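Engineer: Below is a structure I'd like to ask you about.
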């Protein structure tokens, strides 16, 4: 019996309208009623997640910013990591050969120097929004992560530049095909979930996790049971071939799996609907 379930959000729980489907909500409530601790592990900001969970009537532990912050159900901080100040300064001052927009995340919000209203569509439920700023107006300390947003091919080329200039000083991952993240070295959802598990007197073997992108890899590979979404990035499926693939997000595949696990855990699971 797993005692904690960790869920990615975008591409795992959130539908195309950026809301959790009603069948999935019902399954999550059933899971909580069965005594399983709910944890939401996402690249989204705490303020964003607070709004989403409030709208959905859910409560649980939060791993946000791809592991840069861990909070309890009341929002009390349990663990955090920030980018080194000198690395933040380097990223902001370097004229990267790219058209990607740059986004910086701190406890007090999401900051960018480029106004792109289309990016707010994914945050309509919570009302979370970016704050336009000049980079030299922000402190160099207290910064969780950078996101670069552009086409995938452009980000692949940018990633090569970043790795060449900052090898060993930060970690890089694609949280979506059009979003490249720069994280503190050694920071990911897997490490954050391990910290949370220890806080709850659990081990990662006591946990199950669901995800669809490369920012879920460490979490999925280290828990007792990792479940890969049917719509997951091909690279994730290739790098974790040993893990079960379940249904797609838009089919509420998480709910389908949870209903099976809660009612017939002794039977072989099939993602077919």
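Just so it is clear, glycine is given a Cβ too, placed from its N, Cα and C backbone atoms.
Annotation comment: Swiss-Prot describes 8 as active site, nucleophile, evidence class sequence analysis. The Mg(2+) binding site feature in Swiss-Prot is assigned to 8, 10, 212.
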Engineer: Whole-number answer please: how many Å between the C-alpha atoms of residue 212 (Mg(2+) binding site) and residue 8 (active site, nucleophile)?
Structural biologist: 8
Engineer: Non-local Cβ contacts of residue 8 (active site, nucleophile) (under 8 Å, 6 or more apart, same chain)?
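Structural biologist: Spatial neighbours, sequence-distant, of residue 8 (active site, nucleophile): 41, 42, 189, 209, 210, 211, 212, 213, 215, 216.
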Engineer: Using a 10 angstroms cut-off on Cβ to Cβ distances, just flag whichever of 10, 212 is the loneliest among these binding-site residues.
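Structural biologist: Across 10, 212, these binding-site residues, the one with fewest Cβ atoms within 10 Å is 10.
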Engineer: Can you give me the residues near the recorded Mg(2+) site, meaning same chain, not 8, 10, 212 themselves, Cβ no more than 8 Å from the center of the site's Cβ atoms?
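Structural biologist: Output for this site, in sequence order: 9, 11, 12, 13, 14, 42, 211, 213, 216, 229, 249.
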